[in-house]
Amino acid sequence: MQPILKGTGLVKRYGKVTALDNCDFELMPGEILAVIGDNGAGKSTLIKAVSGAVVPDAGTVELEGKPVHFQSPIDARAAGIETVYQTLAMSPALSIADNMFMGREIRQQGLMGQLFRRLDKAEMQRIAREKLNDLGLMTIQNINQAVETLSGGQRQGVAVARAAAFGSKVIILDEPTAALGVKESRKVLELILDVRSRGIPIILISHNMPHVFELADRIHVHRLGKRLCVIDPKDYTMADAVAFMTGAKEPTAAEAA
Amino acid sequence: MPNSDNYEAAASGASTEVASFADDEGKGLVGRLHHTLHVNPALVPLIVLLAAILVFGLVLGSRFFSPFAMTLILQQVQIVGVLAAAQALIILTAGIDLSVGALAVLCSVIMGQFTFRYGIPPAIAVACGLAIGTAVGAVNGWLVSRIKLPPFIVTLGMWQIVLAANYLYSQNETIRSQDIEEQAAFLQFLGTKFEIGGAIFTLGVVLMIVLIFGLAYALRSTAWGRHVYAVGDDPEAAELAGVDRHRTLMSVYMLVGFICGLAGWVMIGRFGSVSPSATTGVIGNIQSITAVVIGGISLFGGRGSIMGAFFGALIVGVFELGLRMGGANPQWTYLLIGTLIIAAVTVDQWIRKVTA
């Protein structure tokens, strides 16, 4: 089977630091691929390299077998790759609806939309409300509330809802449950499974081993800027995975990527 | 799964109520006021403006509270009003533009000199002035967005460059009002006056009002407007969320250059003559920043409305005319304006507290 998103020989240096050291990466259609690794292993840089936020110094990225050269997250988004960043990428002073439709606003039909480029705020608010209700994370009473007035968990919910609503090929989630409580985390995990059931593959970056082992079809273990191995969560324990990513245990030749 | 991992089961008996937003009820008067101001930042300057008109109206009577005096204020603030609209756009992107006043003077000089030195038809000379204003704005925008220099530094330099270029090019020569009237009346087009029941308007005032309302619409109801706020609020977040930061900044700086060109044209209508040493070149930037700050637009970007900047300019105009009519020393105006600036920023800090 052909990978939907594939990175080959990715290199990214920041000055003297090599964040990505000839790294390979493969995401298969319809799967949830977890990426785990110690702090500073280069997980975030890897994700940024395939989502357009960072342009790699060397290596190629292929989407559905075709090489792509993302210069910005806008390019990747146009290609159907949605990312929820750890920082959430929200404009605090703008409303929930404004944030969800940032960069892909809906214009009104007819003369007002075409000539005066007037936004269809009612429609955007309706869709935003619907997407948030789908997520079940919160009952939004005021979709025009500024994002800065939401709690951390609510903000994360909005960011995840945004990616789930618009991602058509790949959805990348960088620590999607980090700021969430137990119940809210459960909702996000259900949402991730729901997105997969729609046939959209997901890259999940997380430090939460129970979540990773529960959801992931495969686990990409990242260490020292490259892929150490890819393991099947059914064949390994959480302790094995932690041993691999911290270097306490080296994978055998068969396991190594 | 081992039992120890099944910690989530413990939450199954919890209440199923999900996070919800509290209504405004129970916050008390101050809380509700805070929320209203958070949503409508132009409300504070509007209240101050109406209060100032009321107080001066009560003290000075019908002399101040007349259609003539009210529209005189509009005429007196038209240049600062147009420049404040430009300044507001830049400040919404978390920048500042010190070159607006100088650029307006340069544009007016170009409109005049192109007509009188080269014999270009006035309408084309006006278009040239607007184009050069836009070009200077584009240079500012490129330096801010691409070279990533701080807007303060870029426009501090541009202010001096433009002002010097203005003196060098014009050879410090003023074009007299009578000459313009006889040979190129179109340059004074925006000074055309018309009367509605004792109220005297000029086309420059009309232009200022149309410009303010047009920009207010664009900022509120178009994608471009949302992007201006997003870039001013948090540029990295806006970029990751899919906003073309460079294009947004370039469009803002070029539009501001164009508006400065319009301000130059308004100046010719207001003064009649074209003078390279008009005070706008030196204090226009500070006047416009004052109007914007009194208007409740946050200097940190991303917050405020352009109507606020308009009200800010009008507040200054009301104070100036009111105190002059009352026979007060003009220094009182500056003293009060200074107080207002500090008060406005204090209110802004309070509004920015996110507990609204």
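Note that Cβ sites are derived from N, Cα and C of the backbone, with glycine treated the same way.
Listed in TrEMBL for this protein:
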- B:42-60: transmembrane segment (TRANSMEM)
- B:72-92: transmembrane segment (TRANSMEM)
- B:123-143: transmembrane segment (TRANSMEM)
- B:149-169: transmembrane segment (TRANSMEM)
- B:196-219: transmembrane segment (TRANSMEM)
- B:250-268: transmembrane segment (TRANSMEM)
- B:280-300: transmembrane segment (TRANSMEM)
- B:306-323: transmembrane segment (TRANSMEM)
- B:332-351: transmembrane segment (TRANSMEM)
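If one looks beyond the transmembrane segment (B:280-300) by at least 6 residues along the same chain, the residues whose Cβ comes under 8 Å of a Cβ in the stretch are 41-42, 44-45, 48, 79-81, 83-84, 86-88, 91-92, 94, 96-102, 104-106, 155, 159, 163, 166, 263, 267, 306-313, 315-316, 337, 340-341, 344-345, 347-348, 351-352. Comparison of B:123-143, B:306-323, B:332-351 by number of C-beta pairs under 8 angstroms to the transmembrane segment (B:42-60) places B:306-323 first. Between the transmembrane segment (B:250-268) and the transmembrane segment (B:332-351), fewer than three CB pairs separated by 6 or more residues in sequence fall under 8 Å, so the two stretches do not touch.
Counting residues 6+ beyond its ends, the transmembrane segment (B:306-323) has Cβ neighbours under 8 Å at 41-42, 44-46, 48-49, 52-53, 56, 59-60, 64, 69, 72-74, 76-77, 80-81, 84-85, 87-89, 212, 215-216, 219, 287, 290-297, 330, 332-333, 336-337, 340, 344 in the same chain.
The list of residues near the transmembrane segment (B:196-219) in space but at least 6 beyond its ends in sequence, with Cβ under 8 angstroms from a Cβ of it, reads 66-68, 70-72, 74-75, 77-79, 81-82, 85, 88-89, 92, 189-190, 225, 228-229, 259, 262, 266, 269-270, 305-307, 309-310.
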